[in-house]
Amino acid sequence: MERFSVINPAAHFSLFSLSPADREALAETRTPSTRPDFDRPKSAFDGTALPSYYGKHDSSIAAHQMAEKEEPPVTFKPGTRFYLAFSALASLSLVVALDGTSISVALPVMAKQLNGSAMDAFWAGTSFLLTSTIFQPIYAAFSHIFGRKEITLVAVFFFLTGTVVSGAAQNMPMMLVGRSIQGIGGGGIIALTNVILTDLVPLRYRGNWVGILGAMWAIGSVTGPVVGGALAHRNVWQWIFWLNVPFIVGSFILVWLFIRLKSIPIPFLTKLQRADWVGSVVFAASLTAILVPLTWGGIMYPWNSWRTISPIGFGITGLIILSYHEKFVAIEPVIRTVVFRNRTTNIAYATTAMHGMTLWCLLYYQPLYFEGVRGFSPIISGVALFPATFTVAPMAIISGIVISKFGKYRFAVWGGWAITTLGCGFLCAVDTNTQLVQVLLTDLVAGIGLGGLFPALQFQLQAASDGRHMATGVAMFAFFRGLGQTLGISIGGTIFQNELSSKLSKQPIFADRAHELAKDATGLVEWMKNAPDGEPLKVMRAAYTDSLRTVYIAIAAVSFVAMVLSIFIKHYDLDKPLETDQYLVENAEGSGWNKTHEKDHDTFARVSAMPATVANRAKSNATARRHKRRNVNPQGRRPPPAERNITQTTPSSDATPADATRTPTTVIHRDEEPQRRQDQSDEEETEVPREARLLRDAQGKLVFIGDCAPLSFYQSVRQLVITRVDPNAFANQTSQLSVLENAGKTTSQGGNGMPPYVYTPLVLQSVEQYLNATASLVDLFDRVTLVEEVAKWAAGSQRRGPVSIVNYLILAIGAQETDGSLSQVFFEYAREQMLTSLSGEPGISTVQASILITLYMLRSSQMNGAFVLFGLGVRIAYSIGVHRTEVNARFGLEVGSQRDKLWKSLRIVDLYLSTLMGRPPATSDVDCTVAYRKFDDSGNEVFDMLNASAQVMLIMEAVVVEVYSRRKISLAVTEGISAQLRQWSHRWLPHVKALLDPATQDTATVIGACQVLASYYYAVMLASRPFLVYELCLRLSPERASDQTNRSPAATGRSKLADACIDAANLMVDVTADLINNNFLTYRMPLLVSWLFASSLVVGLGVMGGFGRLEKRANQSVEALEHFAANDVHAMQYSQIARSLLNTAVQYLDRKEANERLERTASSNHIFGLMPKDGQQATPSGIRARNRSADRTCRSQQTSGPDPSLTAFQDLPIPTSNGADTPSRDFFETWSQMPDFSMFDGLMDGTQEWTEQDWSTLNLFPLLEDGGQIDLS
């Protein structure tokens, strides 16, 4: 009959480890998670949303995959819009591949007709690759600012322009200009097609679509040489370009019409300002200065020539300058160093460059073998390349499908490189006498390996990359592939021509012209075709073949090195949620906290991690009303004819005047599993009362936070108890505490303006107390040298200035525990001086002083004053730019790190104030680049108390907005929040728990760990509290008063979340009580007092609601509050409230037990004629009379005496459960070990009939009165 809530934690936290079936059902209606971006703070420019559009200096993802393993499986069901958008990407890939490969076989003919040299023909191919490679990162960086679609259209335009110029070229200079313009556009297409694909498809399902894009490239690579060769054979090579024009125009239209990605809501001028124009120019110039000499080294000029060495030197110098600019100056850097902090991603970049070198050497130099050595025509040479090119497409598709199916990619990488190395090794054995079948089979082996590597290398990179930086990583991946292609052709050409010159110089026939002939290697192809059989032709073919063999040896060696490097890659989980700022949308919409998906978009973008606004929910309601009028379902589709007659639409029963029109609930009576799970998910929603929600002013800004503030929660608890349990449950003085933050009293001592005297021996003790008081809240100074610095200041004569203000505040906070009068003197002087200094030039010390004043006033129970003065510090902090890492870095490493910590401290205190007082935060992460993570030199995340505290506070902020801005809170939203909390616990909970050991840690560390852990538990309670209140409403309802089990009809997700709330409160009480018993907690800890007060209310409700014998734990929470009450007026009032609630709960259980006993006595009397002890007949009327008498007695006791609520049951013994409510271990740290439980399990209990009518008429929040309001007076 009784449930001990902490005995079986796995059952209570099944929400956080759903079964696969229930996760799939939940995914049908889930709202994407708004995981706080700890690496890069969120950003927005509309005042309401916080999408993470911008950021820099982000950290790597060493611990990311560990947290992601607990994410629920991601589902992906593409809709019509997706297929159309993907068609646009596929067509662009086909066009670029067709153009890139068709030109290779036509270069000799093209150069001859345009009166160009072999070097001109070489540059016609190389210029495209150079410009394409250089501009890929620039396009990717600009797409973050201006939008993917817009930049893609710009790239297509450049590609079209270059194609027209090349097709109309009458000479080689014009051809080179056209090819260069083509490369500028082609680089953008290559980079952005891959980037957009990561915006559209989750990683686990990306393999199929990557394979298709690879197939498009393969088709273009296969047909390109054939088409190019056929047109060149007929001397109409211009049609290589003109044939592409219709495809390019068609692709432009497809992109324009069907790729509708989430727009970036900032002004165009702001975008122009954010773009890294200087970095783009420096990067393009530097890379050009390096790549161009590499292409002509040993061909046009010797390697030791100044024309080769000087540009390379200038290019390297430019890259050094660029690295400084990108790190310290650029707002949106072209090259982001964050993508180079992981070993697996770095290996992916290196090996993909090697993959490009190998593939394009094969594509460019094998035609020379077929045309020059074998004497094939261009079209036959293209056909002969089929084994190498035709196998790429099917192998890319097969590899992608296999990787997606099994979730493993390393076997494909290892196998691909092994086969590629084998195929390139076979090519080294090819000579003039090798049979054609052997050559084709050799090309086939190489093609199989290279094709399988296309998706495998992309999976390697994307699996190891953080989702927030996926677009940047993919762009750099494309850049390195293009770089490899460029280096492959240029270095391969250098090797080939140098080797050919060496071979011909050894032949008497060609010795005098060896160097000249080697420079015109492509011209030799035409000579060998037309030369008569004889010794010169035989010698030339042998030298040509030997030179090509050297190239094959080089690419075989490159492939072997890549194979060796791939051994060191790590495996990362592919089951990651899609995290993108520019996701596919169906219609125009705003941005905000939680995206509401409609029609086909709900099947596609449900995997998106973008948040959205409350305004979108109103739009969703309007859409539902249109669906109702049109007789369609929520997906915008008409039901089948057989179902239309049995489809009924009923309005929601929980409509209130504040939101009179609610989304209708469409119910189709079908006995199908998907529909049943959808209905279950709808039924698991819980109403959030209007008084407990975020409200907005006329401009849409959040102006009040309701139930998240502890006092607001108390008012909700009080309303629940007095309406369901006892109208006189709380004493009068506790019922009037609606604005408790005004309770703190202080008297200003003024002062004569003279600096107070500082007694030097007290400095050590005061600074140590300061460090204890601020642990995990702020980190403003070097804790190692702080004592020495303050002592040196105290020993000097200078007592004025910014440093003195800060030092006085440090001593004031430290002296609060030991000498309140002296502490007040220090504080009054420092505050007066700080306010006076505002007329001058504020700086870092002013912000530090503002934070310290806030902490002092919070510890003195002066919340309103702390809130006002803190706002001044926030404005100053913004004015000096401490929220921007690149600005902070300009002050040097030491000062920059101090400024970063200052912003983190400011953010933590602000979020604490916001959550505590129920007011909107003064800070935000809009346009902020300070990272909330710390990494070592190896790229692994390291524990930092301040970062851990900031991260849990950010999660708390997300909880407030996700939960308390809604009319309803569903399990889907809560599951997203719980995933964030799980990730935090996996990352930091073991570290925090280890720091709670008083035997091995200092006092400041233990107190800091306690406050971080308490904040984590409070975040869990904050997310699950609406479900606890709802469950209490059900359990305390009159119609269930006679239910002895006092349980809900089934173990639903709501009840499990209610259990989670109870358990989190229990654990917080345990940690706090243990440290109090060990004398580790000071008497002024406002954060811990606030969270502890909320825990005492939750545990008290647990006692009353029959969640187990929690009286002992509730009493511990009251005693903990009383511990702080000696110096904290808020703690004193909180303890009175908690004691009142506990006494009321105990009395309620006593009355309930007496009623149940009378019921059993009545049953015995009916059976055997037994009589009650007092002789009263045990009839139902007698029982009711006894109950009324007991109620009158209770009320008379509570209304008499000085403090009835505290004394009525003062002497009652607190029932115990023989330690049954003491957990044997902290199950918050063992979530990953728990079995999967379903939040939907037991919803439709086979023994309990719950009809659709029952659920449709259920009041989801019984506290709402007829007018939809709750009287909190």
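Every residue gets a Cβ built from N, Cα and C, even glycine.
Predicted automatically and left uncurated, TrEMBL annotations should be read as such.
Computed from a predicted structure; not experimentally measured.
According to TrEMBL:
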- 654-666: compositional bias 'Low complexity' (COMPBIAS)
- 668-680: compositional bias 'Basic and acidic residues' (COMPBIAS)
- 85-574: domain 'Major facilitator superfamily (MFS) profile' (DOMAIN)
- 609-692: region 'Disordered' (REGION)
- 1169-1223: region 'Disordered' (REGION)
- 82-109: transmembrane segment (TRANSMEM)
- 121-139: transmembrane segment (TRANSMEM)
- 151-170: transmembrane segment (TRANSMEM)
- 176-197: transmembrane segment (TRANSMEM)
- 209-233: transmembrane segment (TRANSMEM)
- 239-259: transmembrane segment (TRANSMEM)
- 305-325: transmembrane segment (TRANSMEM)
- 346-367: transmembrane segment (TRANSMEM)
- 379-404: transmembrane segment (TRANSMEM)
- 411-430: transmembrane segment (TRANSMEM)
- 436-457: transmembrane segment (TRANSMEM)
- 1088-1107: transmembrane segment (TRANSMEM)
Sequence-remote partners of the transmembrane segment (239-259) [C-beta within less than 8 Å, at least six residues beyond its ends]: 81, 84-85, 87-89, 91-92, 94-95, 98-99, 102-103, 106, 148-149, 152-153, 156-157, 159-160, 163-164, 166-167, 178, 196, 227-228, 231-232, 584
Interface-richest range of 151-170, 176-197, 411-430, 436-457, 1088-1107 toward the transmembrane segment (121-139), CB pairs under 8 Å: 176-197
Among the ranges 82-109, 176-197, 305-325, 379-404, 1088-1107, the one whose Cβ pairs under 8 Å to the transmembrane segment (411-430) are most numerous: 379-404
Highest-contact recorded stretch vs the transmembrane segment (82-109), from 151-170, 209-233, 305-325, 379-404, CB pairs under 8 Å: 209-233
Local confidence of the domain 'Major facilitator superfamily (MFS) profile' (85-574) - pLDDT mean: 82
Recorded stretches the transmembrane segment (379-404) and the transmembrane segment (346-367) touching, at least 3 CB pairs under 8 Å: yes
Leading contact stretch, 305-325, 346-367, 1088-1107 vs the transmembrane segment (209-233) - CB distance under 8 Å: 346-367
